[in-house]
Amino acid sequence: MAQADIALIGLAVMGQNLILNMNDHGFVVCAFNRTVSKVDDFLANEAKGTKVVGAQSLKDMVSKLKKPRRVILLVKAGQAVDDFIEKLVPLLDTGDIIIDGGNSEYRDTTRRCRDLKAKGILFVGSGVSGGEEGARYGPSLMPGGNKEAWPHIKAIFQAIAAKVGTGEPCCDWVGDEGAGHFVKMVHNGIEYGDMQLICEAYHLMKDVLGMRHEEMAQAFEEWNKTELDSFLIEITANILKYRDTDGKELLPKIRDSAGQKGTGKWTAISALEYGMPVTLIGEAVFARCLSSLKEERVQASQKLKGPKVVQLEGSKKSFLEDIRKALYASKIISYAQGFMLLRQAATEFGWTLNYGGIALMWRGGCIIRSVFLGKIKDAFERNPELQNLLLDDFFKSAVDNCQDSWRRVISTGVQAGIPMPCFTTALSFYDGYRHEMLPANLIQAQRDYFGAHTYELLTKPGEFIHTNWTGHGGSVSSSSYNA
């Protein structure tokens, strides 16, 4: 007899925790795993005493579901998702729903959405953020795909999502086809940026200010009471305080080679594809790439010279406040760039995205959760057509208030030989964005000189002109040479 409200396939820790979360909110969940013994183990241990039911096969699982059947896939992105979909489709009926909760590439989600729509199956690709803890007690959920599915999953999704403010769920419908997974991808890219910015602040504290771990931990704890209040600042303070079994700080013992799963890279690639200068996330990805060259860096450190020791001007306390302001200003730039990419993607794919709603989805439950996101939500509520966060009065004023500190930090860091790829690219973007005239006119002249690519005059927009710069060429308007 059909009794389960929803099924979940994939009993790794995330899957188990999401099932227990749904159970806590009164939903009956059917659990399935490719290795069936894992279902029995889960029911006998973590799910003991709950209403969770198990299935011994996909057919058994489908038979236990109320209609329309709702199935969440929480398996490795890629071929595994397609394999399960292929096995599920013959067992499902028109109007049934498959939900992919993994970190799938948004184009795959769009393809699956279209393929399944032709077969009468409703497909949803949902970003799920917050890690194992979030899955258990309230993640940020970013569903997109076939909107006909939303009324049938909304109650479950919004019940289990993190809550902020007066109980607003960090979950709402994002948009058509791959929109949900695109938004999750950008979220992950911003996460890369936030983490790298914090690392650069830590590097400056350690090597310019010579702060001890307990001093740095205290600084981050204080910062967490300001506009930087966020999950990542909070855990950074905890990491700096943490001591190993020998009583010494653990952090200095950790190999300085950062891993990555690829979603930051996807964001940077998408930015290039859609012509958006999402420079900070790109630099955050490259910083991890550089960190992975550990052996080369060890050799280079013995051969390549840097600047002499720089004497810090002013007090350590005032420079620490400068670092805080530089971090805040750079963070604003990162989010401004992320939302630029979302806006461009919406134009490319015809999505109707609620940018304030997206900020709310990220406000709780996820890795980038912060008070700061509430300010972004407010900005888009004031002006839903806001072209760039930097043009909102609140953020314009915030950056202006931080600007002198930001420039001092970068100047001091450069003179001290501290790598600050994200601090510096953030300021470069800000300066570029606020310039009415950039030297790109010279690039256009160069392109026309060697490739006859033409240019426009400021006084004649829309009219493309080629100049015979040497007197030897013809007056062709373009050539096969591109740059």
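Cβ coordinates come from backbone N, Cα and C, glycine included.
Long-range Cβ proximity for K184 (active site, proton acceptor), meaning a same-chain Cβ under 8 A and a gap of 6 or more residues, is found for N103, S126, G127, V128, S129, M142, T263. Residues annotated as active site, proton acceptor in Swiss-Prot: K184.
Feature annotation from Swiss-Prot assigns active site, proton donor to E191. Under DSSP, E191 (active site, proton donor) is assigned to a helix (H, G or I) in the three-state scheme. Within the same chain, residues at least six positions away from E191 (active site, proton donor) with a Cβ under 8 Å of its Cβ are L232, G264, I367, I368.
Sequence annotations record features per position, and here Swiss-Prot assigns NADP(+) binding site to 10-15, 33-35, 75-77, N103, 478-481. G10 (NADP(+) binding site) carries neither a helix nor a strand DSSP state and counts as coil.
Taking all protein chains in view, 20 other C-beta atoms sit within 10 angstroms of the C-beta of H453 (substrate binding site). Residues or ranges marked as substrate binding site by Swiss-Prot on the basis of similarity to another entry: N103, S129, G130, G131, H187, N188, Y192, K261, R288, R447, H453.
Feature annotation from Swiss-Prot assigns phosphoserine to S57 (among others); the stated evidence is a large-scale study or a structure entry. Neighbours of S57 (phosphoserine), defined as other CB atoms within 10 A of its CB across all chains, total 12.
According to Swiss-Prot, the phosphoserine annotation covers S129 (among others).
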Site of maximum Cβ density within 10 Å, from binding-site residues V13, V75: V75
Where S129 (phosphoserine) sits in the secondary structure, as DSSP reduces it to three classes: strand
Set of same-chain residues at least 6 away whose C-beta sits under 8 angstroms from G130 (substrate binding site): G138, P139, S140, A162, G365, C366, I367
10 Å Cα neighbourhood of N33 (NADP(+) binding site): matching recorded positions from S57, H187, Y192, R288: S57
Nonlocal residues around H187 (substrate binding site), in sequence order (Cβ under 8 Å, 6 or more apart): G127, S129, S140, M142, W362, C366, I368
Where N103 (NADP(+) binding site) falls in three-state DSSP terms: coil
CB contacts for Y192 (substrate binding site) [other CB atoms within 10 A, all chains]: 27
Coarse DSSP state, helix versus strand versus coil, of K184 (active site, proton acceptor): helix
